[in-house]
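K.L.:
So TrEMBL lists these for the protein:
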DOMAIN    21-107  domain 'Pyrroline-5-carboxylate reductase catalytic N-terminal'
DOMAIN    249-382  domain 'Ferric oxidoreductase'
TRANSMEM  205-229  transmembrane segment
TRANSMEM  249-271  transmembrane segment
TRANSMEM  292-313  transmembrane segment
TRANSMEM  347-365  transmembrane segment
TRANSMEM  386-407  transmembrane segment
TRANSMEM  419-442  transmembrane segment
Amino acid sequence: MNKNSSNIMALAPNTSNKRETVCIFGTGDFGRALGHKMIQSGYSVVYGSRSTQISNLIPKDAEVLSHAEAAQKAAIIIIAIQRQHYNFLTPLAEILHGKVLVDISNNLKLNQYPESNAEYLAQLLPGTKVVKAFNTVSAWALQSGTLDASRQVFVCGDDVEAKQMVMNIVHALGLTPLDKGSLLAAQEIENYPLQLFPSWRFPMFLSLGLTAFFFFYCLALDVIYTYIYENNNFSFFIAITIPNRVCPVMALILLALVYLPGIFAAIIQLYRGTKYRRFPDWLDKWMLCRKQLGLIALAFAFLHVVFTLVTPIRAFVSWRTSKGIISQALNNKTEPLNNTNAWLSDSYLALGILGFFLFVLLGITSLPSVSNNVNWREFRFVQSKLGYLALIFCTAHTLVYGGKWFLSPSAYKWYLPNIYMLSLIVPCAVLVLKFVLIFPCVDKPLTRIRQGWERNPKYSE
């Protein structure tokens with residue numbers, strides 16, 4: 001029997017509950033958690049360690065041997081140690097020859113070394129079959145079983161059989177392997193856990209920038225202006241009033257920015273007469289972060305709802321209400337109900353409730369657990385058709401509430417428009433452009449282009 005027979009046997013399906021033996025070099029947190037999970041999944045686990053003394057931290061059904069003895073017992077060896085300690089493997093090169101080495105290490109910063117840890121391990125032990133895996137799963141997740149947030153395991157390697165053996169283990173542990181190709185992908189896989197919300201970076205910076213702009217804009221008009229020209233101290237507006245103006249404005253603008261890149265994409269395709277040319281980089285990046293923009297918009301909408309619900313218990317509102325009642329009592333005059341204002345108020349609230357309901361529906365369907373249970377047409381209907389309907393309701397909600405200030409000279413403090421006027425620019429532009437795009441004379445050629453028709457076929461080359 002040749003030295004690779006153990007690897008070939010490992011590829012065969014297990015006919016019993018007991019699986020093959022797996023060796024783990026390293027008894028740290030992750031090594032122990034992974035070993036415990038493997039034992040639960042039916043694997044025999046042997047640890048290779050400098051100290052063969054049994055510790056109560058080691059899973060009780062696992063065996064602890066020296067590195068050389070442990071390596072001889074398994075065809076798959078998981079290297080659960082840091083890169084700076086790989087040198088101790090060099091004297092074991094003969095024993096490790098032909099074995100599958102699974103590198104699970106991570107670095108402290110992006111691109112810390114010229115080559116990936118897995119490639120370095122393959123150079124150090126050229127007779128082995130190195131596979132990169134498990135570095136995106138935390139020890140805490142393995143121990144607690146809360147794997148929903150980190151169920152996917154990236155796997156890469158140059159040897160197809162070795163990679164399949166590791167992917168079988170990943171499956172057996174209840175995780176989802178994702179084949180990323182050859183060992184050249186290891187650098188990208190090792191950088192993945194070090195990235196802090198990479199797809200959220202632009203949406204967050206954009207949201208923070210717009211929030212700061214609108215906050216100081218309201219501060220200037222509602223606090224500073226009234227203090228200078230009306231001698232009223234409304235500094236307490238900073239706590240509730242200004243946030244409750246900024247939040248709906250941000251929610252509406254960000255929701256419009258979710259659909260604006262689709263408008264730009266349609267216009268570019270109509271102009272070019274083909275779908276076989278890449279969009280500009282800025283548009284590609286914008287379209288890739290639409291989900292994040294929508295979820296941030298939903299967060300602002302939730303804050304707006306909360307701020308609105310606490311408005312009646314504010315001291316300023318109670319004072320203003322009691323002042324109005326006392327004024328009517330002193331003048332022995334009751335103001336009649338204004339039906340126009342009542343209609344506007346109820347319409348404003350109804351549109352806000354409907355818009356917020358659709359907003360929440362969009363957020364729910366963007367969750368993987370929900371989106372995976374609907375087909376593409378259903379998902380597109382909710383995110384596109386109902387999404388535009390949500391934008392219409394939210395825009396109408398803002399227009400009914402703030403539209404009265406368009407023709408009011410007192411609304412233009414320091415000749416600046418009210419914040420609600422500014423908030424309507426982007427969503428109204430999106431809705432007008434979308435209305436133009438659904439005209440048959442525009443929609444039909446756009447549909448043909450998206451089905452593969454080209455005005456000038458040379459662009460497909």
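Any Cβ shown, glycine's included, is placed from N, Cα and C.
Given the structure is predicted, the values throughout are model-derived calculations rather than measurements.
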K.L.:
How many of the residues that make up the domain 'Ferric oxidoreductase' (249-382) does DSSP mark as helix, as strand and as coil?
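P.N.:
Here the numbers are 110 helix, 0 strand, 24 coil.
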K.L.:
Just to be sure I understand, if DSSP states are collapsed into helix, strand and coil, how many residues of the domain 'Pyrroline-5-carboxylate reductase catalytic N-terminal' (21-107) fall in each?
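P.N.:
The breakdown for the domain 'Pyrroline-5-carboxylate reductase catalytic N-terminal' (21-107) reads 32 helix, 21 strand, 34 coil.
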K.L.:
For the domain 'Ferric oxidoreductase' (249-382), report the average pLDDT of the model, please.
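P.N.:
Computed over the domain 'Ferric oxidoreductase' (249-382), the mean pLDDT is 87 on the 0 to 100 scale.
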